[in-house]
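What follows is a set of notes on a single structure, which appears directly below.
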């Protein structure tokens, strides 16, 4: 059991943010990068992932305001006081942002619940074509909803409370979307790696991975640029990186981001070109991609804690 309201709030932030990022990236990759030959199956897998993350994201969003009220009051009593919660939800900027975030997350959960899955792969070819269109359109809808819910997280926290929020909040929204697009794609990237060297599906899988690699440069650049801008606006980064708890956690997050980017570059320019000639390269690429995903989740956890600390 989590005894500290502050720890509970950090957990809600990290779990909710991570769930939305995974769903958004998985849906975006399945609908925008995967070739039509594999898109139906990729969209179905993304839909199953979204079905797991949607209730988690919704629960985390709903619990965020009670946890925040308890953290401000330094006790769990405020979290159970209906009057306090109603006043916070309707009478504060934080509460209004929370209401928008809950609404956006509920929209995402509803879109996932109403999604259309494809029939079994043994169905006749014409129905397969129709199924691809249905599943792709359905996945695009809940992916858009996940993106809206993810971007709405920028309405609260340090970025929304500072004088330069007109720049910091959009930068944070871009940071969240870029992080989700990259990190959420990785589970399906791992799945497609398993198809390399096999028929059928090897050619389409290779094409999807090339598209991911090409788009990854821009996504990582946007992730780094938006994160650096936010760090500079909110915490005066680089400033004194270890002189405060905020600076220490921010430095940890930046180190995690550097490690992620370094592994991604090694994957792209050292291992990917050797896939055709070196059997061990595929195994190393899979292991390092898993590490990138793990580092990304750790960075999300650091971000959840960062939002609870006072900038210097």
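We count from 1, first residue shown onward.
A Cβ is built for glycine as well, from the same backbone N, Cα and C atoms used for every other residue.
Straight from TrEMBL, the features:
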type	residues	note
DOMAIN	208-303	domain 'Copper resistance protein D'
TRANSMEM	19-37	transmembrane segment
TRANSMEM	49-67	transmembrane segment
TRANSMEM	95-114	transmembrane segment
TRANSMEM	134-155	transmembrane segment
TRANSMEM	167-186	transmembrane segment
TRANSMEM	219-239	transmembrane segment
TRANSMEM	245-266	transmembrane segment
TRANSMEM	287-309	transmembrane segment
Taking the transmembrane segment (95-114) as reference, the highest number of CB pairs under 8 angstroms among 49-67, 134-155, 287-309 goes to 134-155
Top Cβ-contact partner of the transmembrane segment (49-67) among 19-37, 134-155, 167-186, 245-266 (pairs under 8 Å): 19-37
Report, as numbers and ranges, every residue of the chain located at least six residues beyond the transmembrane segment (167-186) whose Cβ falls under 8 Å of a Cβ in that stretch; write 'none' if there are none. 17, 20-29, 33, 146-147, 150-151, 153-155, 157-160, 212, 216, 219-220, 222-223, 226-227, 229-230, 233-234, 289, 292-293, 296-297, 299-300
Per DSSP, what is the residue count of the domain 'Copper resistance protein D' (208-303) in each of helix, strand and coil? 83 helix, 0 strand, 13 coil
